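Reading through the structure tokens given below for one structure.
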Amino acid sequence: MKIQVMKDQIKEIMADAIVIGIYEGTKSLNDNLKSMDLQLDGIITEMISSEAFKGKEGETLVIYSLGRIPAKKIMLLGLGKETDLKEDTIRRLTAKVVREAEAMKAKVVAMTAIGLDRGIAPELVGQCMMEGADLAAYKFDKYKTTDRNSGEGVQELYLLNEEESINKDLEKGFQTGAKLAQGTIIARNLVNEPSNVLTPTAMADKAIEIANNHGLEISILEKEDMEKLGMGSFLGVTKGSEEPPKLIAIKYFGNKEDEEIIGLVGKGLTFDSGGISLKPGAGMDAMKSDMGGAAAVLGAMDVIGALKPKVNVIAIVGACENMPSGKAYKPGDILTSMNGKTIEILNTDAEGRLVLIDCITYALKQGATRIVDLATLTGACIVALGHVTTALVSNDDDFVQQMYLAAERAGEKVWQLPSFPEYKELIKSDIADLKNVGDKGAGTITAGLFLGEFVEGRPWIHMDIAGTAMALGTKGYYAKGGSGVGVRTLYHLVKSMEK
């Protein structure tokens with residue numbers, strides 16, 4: 001989608017549709033809109049005064065111009081209460097415009113800027129509008145032979161602004177927003193791909209593509225490499241699958257004078273059957289998405305490579321399958337992790353944490369000074385927080401506060417769960433150092449704290465995205481399927497750590 005600033009007066013724009021944002025409770029129009037309203041015989045004023053249009057957030061009303069102005073249609077867009085407008089409101093409202101315009105087959109759309117009158121920086125306005133537009137236009141229909149998206153959506157989106165002094169800032173924001181959206185779309189595509197296409201090898205190939213696009217250092221560890229490193233926990237999970245596992249390591253050094261290296265670790269189960277502890281058949285198809293954490297990390301590295309923040313980042317992804325077979329690991333087995341700790345296996349469907357701990361150890365060996373891991377880790381997270389909020393488990397409250405701010409910038413919701421010492425007692429084994437599932441209850445917390453046993457005291461945050469990695473329906477700038485959650489939050493977190 002092409003998006004650019006236009007300084008023409010709104011009533012003079014030649015477009016399939018023009019969009020006018022109106023706050024809830026608005027009683028009168030500004031001078032620019034009054035002039036256009038006169039040409040439309042006062043219909044906008046009539047819609048507002050009669051309360052046929054109230055301006056609630058996301059409310060729309062389409063008016064046909066009938067040739068009285070060059071644009072064919074006028075869409076009134078409710079901005080909600082003026083005091084409630086935030087950065088993410090801009091994304092949601094721009095997404096609403098793109099979807100409504102597509103529904104009425106408008107290819108060229110012009111709209112008034114959202115948020116400038118609220119004091120939101122022009123660059124940030126441009127960024128959020130671009131994110132909302134691109135993410136709303138996203139579709140995953142590559143496997144359809146009919147009814148595919150054939151470019152019928154918005155092709156050109158013009159932002160109307162008469163203050164030329166801020167146009168460069170708006171356009172810079174467009175560029176940033178496009179890169180943030182692109183990384184998110186990469187993650188969405190990875191999550192949406194079927195597991196017969198997105199194998200661990202295919203995921204490694206995508207990582208190589210991302211790294212090559214941005215000149216990033218990348219290495220792929222094969223099974224033999226992992227055996228030499230003693231990754232018995234990771235490799236134990238992979239024993240039942242015919243697909244070879246891959247450990248993907250991408251390095252970005254944006255500030256070589258800074259000793260801080262942020263480690264981003266993603267769970268990349270391209271399919272999780274549960275292994276010997278087999279999952280129920282109903283819903284097992286969704287387990288192609290059990291690599292949402294890996295997708296977020298790879299998408300974030302695409303954004304980091306494109307926008308080049310002055311930080312250092314190591315991204316580690318453990319890509320594999322969890323399948324049952326005569327060679328698969330079993331309940332009752334004991335695995336030895338890369339750092340030497342032993343784990344009693346009580347349930348082979350608690351496999352993601354076994355992959356992650358060796359990836360975390362590898363990240364630390366590569367120099368990471370703090371860790372953020374992402375995983376579709378526990379069904380308990382969905383029970384606790386539904387499909388709205390990502391759960392956090394951490395050993396560092398200051399780091400969590402940085403995460404809260406980053407998530408707010410991205411428009412994503414996160415919430416820290418408690419990590420009291422009593423919870424750690426639930427993952428102690430009678431015959432090994434740890435067991436891979438805790439006693440009954442607190443499943444998300446105990447899974448997170450299991451990972452925390454391997455961070456060696458470094459600042460660490462675990463993000464359980466089990467409930468947020470998939471959007472259950474089309475809403476706002478989300479489409480049903482992979483959400484791309486975590487990509488933009490990770491970027492904003494990394495960016496906030498610039499020195």
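Numbers here mean position along the shown chain, with the first residue as 1.
Each Cβ is built from the backbone N, Cα and C atoms, and glycine gets one as well.
Lifted from Swiss-Prot, the feature list:
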{"type": "BINDING", "residues": "Lys267, Asp272, Asp290, Glu351", "note": "Mn(2+) 2 binding site"}
{"type": "BINDING", "residues": "Asp272, Asp349, Glu351", "note": "Mn(2+) 1 binding site"}
{"type": "ACT_SITE", "residues": "Lys279", "note": "active site"}
{"type": "ACT_SITE", "residues": "Arg353", "note": "active site"}
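Feature map: Swiss-Prot annotations on the structure.
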residue : record                : CB count, 10 Å
Lys267  : Mn(2+) 2 binding site : 31
Asp272  : Mn(2+) 2 binding site : 26
Lys279  : active site           : 15
Asp290  : Mn(2+) 2 binding site : 26
Asp349  : Mn(2+) 1 binding site : 19
Glu351  : Mn(2+) 2 binding site : 29
Arg353  : active site           : 28
Asp349 (Mn(2+) 1 binding site) sits from Asp272 (Mn(2+) 2 binding site) (Cα to Cα, rounded, in Å) at a distance of 8
Just to be sure I understand: of Lys267, Lys279, Asp290, which recorded positions have a C-alpha no more than 10 angstroms from the C-alpha of Arg353 (active site)? Lys267
Given the recorded positions Lys267, Lys279, Asp290, which lie close to Asp349 (Mn(2+) 1 binding site), meaning Cα to Cα within 10 A? Lys279
Is Asp290 (Mn(2+) 2 binding site) helix, strand or coil when read with DSSP? coil
Distance, Lys279 (active site) to Asp290 (Mn(2+) 2 binding site) (CA atoms, angstrom): 13
